[in-house]
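Presented below is the structure to which this report refers.
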Amino acid sequence: MAGKPTLHYFNGRGRMECIRWLLAAAGVEFEEKFIEKPEDLDKLKNDGSLMFQQVPMVEIDGMKLVQTRAILNYIATKYNLYGKDMKERALIDMYSEGVADLGEMIMHFPLCPPAEKDAKLTLIREKTTNRYLPAFENVLKSHGQDYLVGNKLSRADIHLVELLYYVEELDPSLLANFPLLKALKARVSNIPAVKKFLQPGSQRKPPTDEKKIEEARKVFKF
């Protein structure tokens, strides 16, 4: 029997958190090896573990996978969270990319210079309420089903619900006009494996604060 997947990243959200969410939702236990200093990253680079000299990296099924989308695709396929045919996978990809676009803006927000934060937050709010959330609300409204694609839980639902938690952290009022998305969030959050991941003490990471940013700066030298 194969061992648990091992996740190599720093002890924060960043680009690994969507991978943690997907594994947790699939009910897969995983281990984490945190990169705590530049030497830890250098060791992974020097031993050939990082194809493109960067993390996230996940050891799974005898492979050392890098590139977030490749990792997510593999996990989603392995654990049957990627639709039943090509058309469903195309929709799942399209929705997941939309989630990633807004998620990227939110992920970079804590790195904003203080003078730019208000303008950035205004932009995120505008994109959230006028572009991204209405699009996903309309998908659910158009077919009246419980999940985005094929009336079955997929990676798109998991990525979207993760994003909704981040939106709520920024400003809970942003979800007010999207009842179907709030219902999806509640539905996915009540899946036993996800419910467990949302409990205190799980491997879910807290919001990024100044301390985490400084830790990441030291490791990744940005």
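Cβ coordinates are placed from backbone N, Cα and C, and glycine is handled just like the others.
What you see is a predicted model, and the numbers here were worked out from it, not measured in a lab.
Look at Swiss-Prot and you will find M1 tagged as N-acetylmethionine.
Among the features that Swiss-Prot reports, N-acetylalanine is placed at A2.
Annotation comment: Swiss-Prot describes 3-83 as domain 'GST N-terminal'.
When secondary structure is read from DSSP and collapsed to three states, K4 (N6-succinyllysine) falls in the coil class. What Swiss-Prot records for K4 is N6-succinyllysine, and it gives similarity to another entry as the kind of evidence.
Positions annotated as glutathione binding site by Swiss-Prot: Y9, K45, Q54, V55, Q67, T68. Remark: K45 (glutathione binding site) has Q53 as non-local neighbours, by Cβ distance under 8 Å and separation of at least 6 in sequence. The secondary structure of K45 (glutathione binding site), as reduced to three states from DSSP, is helical.
The feature domain 'GST C-terminal' is assigned by Swiss-Prot to 85-208. Across the domain 'GST C-terminal' (85-208), the prediction's mean pLDDT works out to 97.
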How many Å lie between the Cα of Q54 (glutathione binding site) and the Cα of K4 (N6-succinyllysine)?
22
Just to confirm: which same-chain residues, 6+ apart in sequence, have a Cβ under 8 Å from the Cβ of Q67 (glutathione binding site)?
F52
Report, as a single number, how many Cβ atoms besides its own are within 10 Å of the Cβ of Y9 (glutathione binding site).
23
DSSP three-state assignment (helix, strand or coil) for T68 (glutathione binding site)
helix
Span of the glutathione site, taken as the largest CA to CA distance across Y9, K45, Q54, V55, Q67, T68 (Å, rounded to a whole number):
17
